[in-house]
């Protein structure tokens, strides 16, 4: 099988592991920097060039598209899709996942529980908007933030109003959510591949922080995800159209709540903590999917 990986940096851990896993299983693997890809779109067909040469014959593509190049990266991925290349995470699914508001709407429509979320635009409605959410603390999130960036905890109603008004002044898109205190700064990262959770870890925020992201100083241990948590994780990925996803849950009094569905989850943390060959599971999923489409 001929596999392309859309990535701007071949030295990143996740990219290197996917290369290793693909070649170990006997496949040809090539890295394509999405920003060096350019395309021809016409009624008579689609074509893609990379550094002066046509790109053809790929059976599958694994998108590792950074948030800063989402629009161009997904356009390149969409071109490959139109050229008949299989991808576990289609371009439209990545765009759904990276828009937090849209993702939460889609999850809620499937009956998947999450922290109560509000969204509004007019400054005159701020007080009523926050009253729909309930008393503070509140969590304010940039709509397209990543890796814990653009996430603010406000402990008083006045602070919530001030942050909301400041973000509106910057023309930033954001959502506001209820704060789940019983989670105590911990969440569960479930790594979904296909129709199963292949690994799960419990992440704990650093002292004085409420964000559990590892690159912000959080710690992680192997987690024994319950059957319900695994089911919610798989349903969440499926609701957005993703076959490979990192689904972040928190354990609450009313059960597991989905915080986010990440369409480009890093492999270093989960493989290091859980000792699971996640990259190999992704390549195996590609093999099975391409084989099914050929039958």
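Here the Cβ of each residue, glycine as well, is placed from N, Cα and C on the backbone.
Residues annotated as domain 'ATP-grasp' in Swiss-Prot: 104-287.
The feature ATP binding site is assigned by Swiss-Prot to 141, 178, 179, 187, 211, 212, 213, with sequence analysis given as support. In the three-state DSSP scheme, residue 187 (ATP binding site) falls into the strand class.
A sphere of 10 angstroms centred on the C-beta of residue 260 (Mn(2+) 1 binding site) encloses 21 other C-beta atoms. Taken from Swiss-Prot, the feature Mn(2+) 1 binding site covers 248, 260.
The Mg(2+) 1 binding site annotation in Swiss-Prot covers 248, 260.
The feature Mn(2+) 2 binding site is assigned by Swiss-Prot to 260, 262, with sequence analysis given as support.
Per Swiss-Prot, Mg(2+) 2 binding site is recorded for 260, 262. For the recorded site, residue 260 (Mn(2+) 1 binding site), the DSSP three-state label reads strand.
The domain 'ATP-grasp' (104-287) scores a mean pLDDT of 90 in the predicted structure. Residue 260 (Mn(2+) 1 binding site) and residue 178 (ATP binding site) are 14 Å apart (CA-CA, integer value). DSSP gives residue 179 (ATP binding site) a coil state; it is part of no helix or strand.
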